[in-house]
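Following: one structure in structure tokens, then a few remarks.
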Amino acid sequence: MGFFDSISDMLEAALPWSTAEAEAPKEEETKDEESSDKSEEEGSEEKEEEPEEEEEEEEELEDPKEKFEEECKESKACAPAKHHFDECVERVTSADHGKPVDKKHPDEDCVEEFFHLAHCASTCAAPKLWNALK
Amino acid sequence: MLARSALRSSRTLGAARNGAVHTSKRAASSSSSSADASPFRLNMAGTAATAVAIGSLAWYYHLYGTELHAMTMTEEGLHATKYPWVHKEYTKTFDHQALRRGFQVYREVCSSCHSLSRIPYRSLVGVTHTVDEAKAMAEENEYDSEPNDEGEIEKRPGKLSDYLPNPYKNDEAARAANNGALPPDLSLMVKARHGGCDYIFSLLTGYPEEPPPGVKLPDGLNFNPYFPGTGIAMARVLYNELVEYEDGTPATTSQMAKDVVEFLNWSAEPEMDQRKKMGMKVLVIGTALFALSVWVKRYKWSPIKTRKIAYNPPIQGGKH
């Protein structure tokens, strides 16, 4: 191991790019006894990187997934699924309110219609959501 | 079995028809017109046999060919949507900032019900936390120490080598506290479920405001389309701004879910970053060695490839 480590160390020093730093500062600390001040430094560094994100913060946070999926449900691509779901909701809820129950499907639920709609909406929202999240 | 025998029978039928064509040709050429070998009848027989063969195949397909769905859609659950996880790409590592946030979500939300029994504090060092942070977290818990001189087991503060504490003493206690449902250990959850990250993300964020009409669930179960059967004992746990991220990321439901899922992916395969790096090394060294071997081969073969074989026929007979 030692041999290869020294080679890769030399390579790292010579290469124009550096390796990802997720671990490196912490490793140094493992060796360092008085590292408390260092971790503080690190914390402040992290904070410096962030402020751009905070602008977006509003009073009430809105979940981007919900927002995109609502938009997607109204989109043209999901219109058939939405239509079927709405129709089912109509049918099932009206059956509860004294209307004659559909003889063929007495215990109908709208799970399948819900699945189709949810599938359509979440597939459509997935890439947008990933752009919005960190 | 049936399919094979059906195939075989159709093949023999085909052979028989070929034979029939031959015999009819031969009959025609020898111009001996006998009634029973009339081409029309033979063609009819062949056509009928082929029709029977096709019919039997169709019947077989009708009986056994179509896929059977023993489960209804509800029992199957909604298949998780595919999300473009960055850490799943071949050349990408975990986002360690996300891991740190995800651990925070696990610690502040999930850990009150779910254990993470395969993760010791030491493995967080250099991944999500510094040594001192990890030590401080470990010390917040008490663990059994070695028996003292009287054989009593005392408590001691945790060390880096200790594992994350379980929320319950044992599975029975966990069940009793959760309406009979056992919150499973999350260490390997990403590997333990179809759809992995996508499934858990969808599960955590997929609770609709109200179940679709007509759904009847037993008491204590919550509607979640992604859970097979749609009735899950875990209620929705993530709500906007449930945790406050130290790096200022807006803590929306989906952000927390994404972070905690990435963290759970790390806990299920902590070696992933290293494994991908090793894979790249293998490819790089492998291609280099391959190129080298091609050159060596050319070098070794060059005398053989460039030699010229000449044949000078001996002069035969005397001069004319």
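Placed from the backbone N, Cα and C atoms, the Cβ positions cover glycine too.
No curator has checked TrEMBL annotations; they are predicted automatically.
Model, not experiment: these values are computed from the prediction.
Its own atom aside, the Cβ of B:HIS114 (heme c binding site) has 23 Cβ atoms within 10 angstroms in the protein chains shown. The secondary structure of B:HIS114 (heme c binding site), as reduced to three states from DSSP, is coil rather than helix or strand. Annotation comment: TrEMBL describes B:CYS110, B:CYS113, B:HIS114, B:MET234 as heme c binding site.
Annotation comment: TrEMBL describes B:27-37 as compositional bias 'Low complexity'.
Taken from TrEMBL, the feature compositional bias 'Acidic residues' covers B:139-152.
Per TrEMBL, the feature domain 'Cytochrome c' maps to B:97-198. Model confidence over the domain 'Cytochrome c' (B:97-198) is summarised by a mean pLDDT of 95.
Annotation comment: TrEMBL describes B:1-37 (among others) as region 'Disordered'.
Per TrEMBL, the feature region 'Disordered' maps to B:138-164 (among others). Within its own chain, the region 'Disordered' (B:138-164) is flanked in space by residues 111, 115-122, 125, 131, which lie at least six positions past its ends and keep a Cβ under 8 Å from the stretch.
If you count neighbouring Cβ atoms within 10 Å for each of the binding-site residues B:CYS110, B:CYS113, B:MET234, the highest count belongs to B:CYS110. Spanning the residues B:CYS110, B:CYS113, B:HIS114, B:MET234 that the record associates with binding heme c, the maximal Cα-Cα distance equals 11 Å.
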